[in-house]
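Annotated features, as they stand in Swiss-Prot:
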type	residues	note
COMPBIAS	11-49	compositional bias 'Acidic residues'
COMPBIAS	72-82	compositional bias 'Low complexity'
COMPBIAS	99-114	compositional bias 'Basic residues'
CROSSLNK	LYS114	SUMO2 cross-link
CROSSLNK	LYS126	SUMO2 cross-link
COMPBIAS	191-200	compositional bias 'Basic and acidic residues'
CROSSLNK	LYS271	SUMO2 cross-link
DOMAIN	291-511	domain 'Helicase ATP-binding'
BINDING	HIS304, SER305, MET306, GLY307, LEU308, GLY309, LYS310, THR311	ATP binding site
MOTIF	462-465	motif 'DEAH box'
MOTIF	550-554	motif 'LXXLL motif 1'
CROSSLNK	LYS664	SUMO2 cross-link
CROSSLNK	LYS681	SUMO2 cross-link
CROSSLNK	LYS758	SUMO2 cross-link
CROSSLNK	LYS900	SUMO2 cross-link
CROSSLNK	LYS1013	SUMO2 cross-link
CROSSLNK	LYS1017	SUMO2 cross-link
COMPBIAS	1135-1154	compositional bias 'Polar residues'
MOD_RES	THR1259	phosphothreonine
MOTIF	1328-1332	motif 'LXXLL motif 2'
COMPBIAS	1451-1466	compositional bias 'Acidic residues'
Amino acid sequence: MSDESASGSDPDLDPDVELEDEEEEEEEEEVAVEEHDRDDEEGLLDDTSLEGMCGTEHAQLGEDGQRPPRCTSTTSSQSEPSEQLRHQGKILASEDPKKKRAQKPSHMRRNIRKLLREDQLEPVTKAAQQEELERRKRLEQQRKEYAAPIPTVPLEFLPEEIVLRASDGPQLPPRVLAQEVICLDSSSGSEDEKSSRDEVIELSSGEEDTLHIVDSSESVSEEDEEEEKGGTHVNDALNQHDALGRVLVNLNHPPEEENVFLAPQLARAVKPHQIGGIRFLYDNLVESLERFKTSSGFGCILAHSMGLGKTLQVISFIDVLFRHTPAKTVLAIVPVNTLQNWLAEFNMWLPAPEALPADSKPEEVQPRFFKVHILNDEHKTVASRAKVTADWVSEGGVLLMGYEMYRLLTLKKSLATSRPKKTKKRSHPVIIDLDEEDRQQEFRREFEKALCRPGPDVVICDEGHRIKNCQASTSQALKNIRSRRRVVLTGYPLQNNLIEYWCMVDFVRPDFLGTRQEFSNMFERPILNGQCIDSTPQDVRLMRYRSHVLHSLLEGFVQRRGHTVLKIHLPAKEENVILVRLSQIQRDLYTQFMDRFRDCGTSGWLGLNPLKAFCVCCKIWNHPDVLYEALQKENLANEQDLDVEELGSAGTSARCPPHGTKVKGEDSALPSSMGEATNSKFLQGVGFNPFQERGNNIVTYEWAKELLTNYQTGVLENSPKMVLLFHLIEESVKLGDKILVFSQSLSTLALIEEFLGKRDMPCLPGAEGQGTQKWVRNVSYFRLDGSTPAFERERLINQFNDPSNLTTWLFLLSTRAGCLGVNLIGANRVVVFDASWNPCHDAQAVCRVYRYGQKKPCHIYRLVADYTLEKKIYDRQISKQGMSDRVVDDLNPMLNFTRKEVENLLHFVEKEPAPQTSLDIKGIKESVLQLACLKYPHLITKEPFEHESLLLNRKDHKLTKAEKKAAKKSYEEDKRTSVPYTRPSYAQYYPASDQSLTSIPAFSQRNWQPTLKGDEKPVASVRPVQSTPIPMMPRHVPLSGGVSSASSTNTSMNFPINYLQRAGVLVQKVVTTTDIVIPGLNSSTDVQARINAGESIHIIRGTKGTYIRTSDGRIFAVRATGKPKAPEDGRMAASGSQGPSLASTSNGRHSASSPKAPDPEGLARPVSPDSPEIISELQQYADVAAARESRQSSPSISAALPGPPGQLMDNSTIPGTALGTEPCLGGHCLNSSLLVTGQPSGGRHPVLDLRGHKRKLATPSVTQESIRRRSRKGHLPAPVQPYEHGYPVSGGFAMPPVSLNHNLTTPFTSQAGENSLFMGSNPSYYQLSNLLADARLVFPVTTDPLVPAGPVSSSSTATSVTASNPSFMLNPSVPGMLPSYSLPFSQPLLSEPRMFAPFPSPGLPSNLSRGVSVYPGYMSPHAGYPAGGLLRSQVPPFDSHEVAEVGFSSNDDEDKDDDVIEVTGK
């Protein structure tokens, strides 16, 4: 499990708060990040992101109770009309399946969807861009009118940086000056290179283009332009002190405003680049003292690399803000492990007045006059936190808190003082303290007012790249802040993909870059398409153009300064990559693991979260002892050993337990928030089990037992990585250099400690004569991970950095705990033991030593296992870093890898090259590395190389001025015109799954053998047009009494696919290439259901119809139908729904109470059988039935036409769907209550009630009384007939279609032998007397199809039959079968009710046809589910969804190929 700092879990939170963190983690796993998160665009083999994985965090995602709508994945293949805007409620799948193109491999380039025209952009986007344009124009005007003696930027604003549109700003009349030159041809930069005459600003005025020319006196040299590419105030030649040593902040201010200077102690400390950063913050957040009072301000991103002193710049700006503006409160949200560091920085640079000595001079040191409040681990209760917040609001000043603390205090669902632990059974009633509840509500209101609405005057987010998942609850909470003055501090603005960058920019400048879809079309896809070595020349050109445009759009409020600033002031830094060979045991384990994965097919690499594989492989290539220990302990939390942020969520993870503690199984599931390919909560595996427990979702190590049977632990040489690590440690100590070792695996850190305890320390310089010493923790080495308390961290860091400390030489750190807010300049050597998925983490780890204060040359060693997944991850790091350099730094890194190399994670080499006997060390200058190559050449696959060599800036690829203008021009033209690109599918084509490895035999069976499989089925496209809402799907219990357990619930549904196939059901696993949206209804509590593109689903086709089963257990019944028939009351009639006869439900649980009395106003009234409505509907039925018989064709799909209550359904024949839907009946549309006859024979029942399924009659009829008496007496028909061929069902028996239906043409009129079980509440003439010849076969006492039910003659016959009635056999329209029992089903679960159907009868008019289907209906619609009793104690719980249905009808001429997805969800 990722440790505390990695997750950022707040140590100042009590255990209840930690539970909230776990909830955040679980919720951010469910995002979509689409997320990603957002890691949501970071799917394993995601063709959209070079990250490939993400969530979300993950996640992520709206985790509060009121979840916001998910962002539509930019890689989703659903068709989006170009008119779609941000606030549209629905996404229509309008793409014609005939127009779909063949899918492309993931590594190939992708086309770009239609771009939105300029007039289709969101108004908020236009307004945001216009505001920024006007702000920059005002600043430029001030620079011209009030020129400072020492300007900070060139006096002339770079002309090509301003691109105006007529709709965005006032038009300027074209003017031509004598010295101007108009350049109409921008295809080449030769003219610009030959001449330094003039710049050109392109202005578009709607219909025509007008060129406005700027005088040549305002042109800017190429060198100045180079300096401008990092944003404003980046020219350090102008960021200088004045003659008196002061630092003026508000350059070019109006004369009526006062000069704003830094405090003297700050002015002496700041460096030129920091002066530029302070001025940059002032320009964006304040702009001018007068405008601060009237405007809401702007946000900005201070993107200085790690170690450039962002904290000092912010402290200096806060001091200026409080001294010269009316601002009163500043909220600083920082990672929890940097809280103490921030407080120490404030006290050092701006000491409190009482901390100053009495003789201090104001001209030397100015104390702060504001207070610094902090919420840390000392504030355990909500009341104490509320007091700190209230003091901050009343007194003003700065409030420091962690990200998780802010989320907990601002999200309504998170705030709680304590949470009672979940128990299996409550022995006493729950007592609710109303006064405490009122206090909690008051605290919540106070927090919301102080932190969000209206919130502080300025918000500062340190390490702001954590705001990378637009749907993560932390991001959502931050965006709720009303203040627009938002500052993000980050040394790594672009980590994994451009969507994360967009999310962070969207926080500081909402809507500036448009919606996520607009940004993806304009920038993300073009930039990604040209990133690799196999990209087309057009792709590369467009990539370079769009990278420059994106950089120039943001340079007004994103200031980027890189490590080039540090190189001037710090010693040299050398970063080498050592590619390490695997030992024999490691290679055997790795081969075995890969073999199992490949044999698993789509359920392996393409179906599992790759982070699980990464965890297992990390144990292999770090050292087999780590894998062996996990195998021996059977640690349920093994996959959370990795200290990786994404393993928990895009934003946070649960706190890492202290080393050696046991983690509960339910918290051990490996989340998949690295930008999951789908957004399902827990995607299931091949087994049909939608109720799989999360605790079972773990990685097992059965596959490794045989190889590790006689394994000898404690052998250092079993891992070449470990051998090289100890060589680097010992040689560094011999040279007198302190060294840091970073690993993301906590178990690996523990193993390193074990080996250290067995080895002697090397001889220190000058101490050769002294005896040897052992490595001792907290004496000769330190360890820091997420479980280290904050105060202990500070002590260890200060002690390690102390130059007088000559006993401690080694510091072991977890990558996520030690990469933020830790200053370890006491060391000058770093070993990154394993590569992180996110390159930001390794880069931040390196910068712990390479920062201000470092006195020695720095050496960094990256150990990477070659020919493994780790090498692929390192390659991805290079690609991500190259994209960051290109977009953020406007550099031109080399293209080193093909897209296939980057995106294909499955890297398996059967045979490694032979070990080398020697390595060429001519290019290696560092002595420790030279000695390693000489001593261990057989452990290294190739000569070590510098990490920066893969990121060289190709200055020859730098855009010329003309190319830059062409880039901006093409960008503007693309926005103005709708580019006619085709719109193929952008899906990932890979079914993402979070299933457990235990569900795959290859990983759970020791002697498993792979089975031969045929070719994979082709990927199918399943596209819905209309659908019904998701009703409740009952969970079924075994026949034994009592409440069902989780295990029994699981096993009841977890039958294998081959069982279905043997039973004659076709099961096909396919991958959807487009999002399938299943809209809900206003009358339903269900929101839109969705099957995401790339999700693995099963198509189940049998005699009862066609179904779709998703990987998370949802079942969709596919129907062919068309447009709905308009009912008289203007609403869609809910057909087959059951009203007051249903048992009441509460919170998803079946209630044992009797049904409530029906509301007379809501019940339908009986209709006279002589009414014109009935006669006309009977005639309609007769016509259709006759037409069906006359066709003499194969059975067709019947589509139900709903109508008002009591109205008969019409049938129309619709061709089969593309899925090959079998003939089926409109399931819930035809119920027994809708069976009619013509004129009642004999006049026995003068009243014809066609609405019996809506309610029971107020006064039971004589027929009903007789039915109840017969039911209680238990009349049973004749013995069981021999089986013929039958219907396969999962309950353990088969239903013969012929022997039960030999009397289907018998008259409907009631006879003496009528089956009383099926009478229901309707008059007897509605019932089919001999429709089901044998009740014991329909309601068998035994579930074994081979054991016929024996005769029962006791008085308990009815009870026996009732107790064995499978719940799926209950027809919703027969509520009278058991008068005292209320059925829980609101509609059929399968495709059609076969129990009763309107078969021809002499009782109908003579012109009605006798034509019937091939398989006349006789079964319940619940025939596909296991048998369960009718006892109330056995009725499973149900979700508290309101059940609503929508029927659809169609004419044969309209929408013949429309599909309707009938959903039966949990």
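The first residue you see is number 1, and the count goes up from there.
Cβ coordinates come from backbone N, Cα and C, glycine included.
When Cα-Cα distances from GLY309 (ATP binding site) are compared across the recorded sites LYS126, LYS271, LYS758, the shortest belongs to LYS271. With a cut-off of 8 Å between Cβ atoms, the residues of this chain six or more beyond the motif 'DEAH box' (462-465) that come close are 301, 310-311, 332-335, 338, 342, 488-490, 492-493, 495, 500, 504, 507, 820-821, 840. Cβ proximity to the ATP site centre (mean Cβ of HIS304, SER305, MET306, GLY307, LEU308, GLY309, LYS310, THR311, cutoff 8 Å) flags the following additional same-chain residues: GLY491, ARG561, ARG851. In sequence order, GLY714 constitute the residues six or more apart from LYS758 (SUMO2 cross-link) in its chain with CB-CB distances below 8 Å. For GLY307 (ATP binding site), the number of other Cβ atoms no farther than 10 Å from its own Cβ, over all displayed protein chains, is 23.
When DSSP labels each residue, the motif 'LXXLL motif 1' (550-554) comes out as 5 helix, 0 strand, 0 coil, counted as helix, strand and coil in that order. The Cβ neighbour count for LYS310 (ATP binding site), using a 10 Å radius over every protein chain in view, is 23. Looking only at the motif 'LXXLL motif 1' (550-554), the predicted model's pLDDT averages out at 83. Counting every protein chain shown, the Cβ of LYS271 (SUMO2 cross-link) has 18 other Cβ atoms within 10 Å.
Mapped onto three states, the DSSP output places LYS126 (SUMO2 cross-link) in helix. LYS310 (ATP binding site) sits 11 Å from LYS271 (SUMO2 cross-link), taking the CA atoms of both as reference points. In this structure, LYS758 (SUMO2 cross-link) is part of a helix by DSSP. Distance from the CA of LYS126 (SUMO2 cross-link) to the CA of HIS304 (ATP binding site) is 28 Å. Set side by side, the recorded positions LYS126, HIS304 differ in how many other CB atoms lie within 10 angstroms of their CB, and the most is found at HIS304. Shown for the motif 'DEAH box' (462-465): DSSP residue counts in helix, strand and coil, namely 2 helix, 0 strand, 2 coil. Taking a C-beta cut-off of under 8 angstroms and a sequence separation of 6 or more, LEU308 (ATP binding site) has the following same-chain neighbours: HIS273, GLN274, GLY491, ARG561, VAL565, LEU566, TYR852.
Listed in sequence order, GLY491, TYR492, ALA843, GLN844, CYS847, ARG851 are the same-chain residues six or more apart from MET306 (ATP binding site) with CB atoms under 8 A from its CB. Rounded to a whole number, the distance between the Cα atoms of LYS126 (SUMO2 cross-link) and SER305 (ATP binding site) is 31 Å. In the three-state DSSP reading, HIS304 (ATP binding site) counts as strand.
The Cβ neighbour count for SER305 (ATP binding site), using a 10 Å radius over every protein chain in view, is 21. Under 8 Å, Cβ to Cβ, and six or more positions away along its own chain, THR311 (ATP binding site) finds ASN341, TRP342, GLU345, ASP462, LEU489.
Put simply, LYS271 (SUMO2 cross-link) is 13 Å from GLY307 (ATP binding site) when counted between their Cα atoms.
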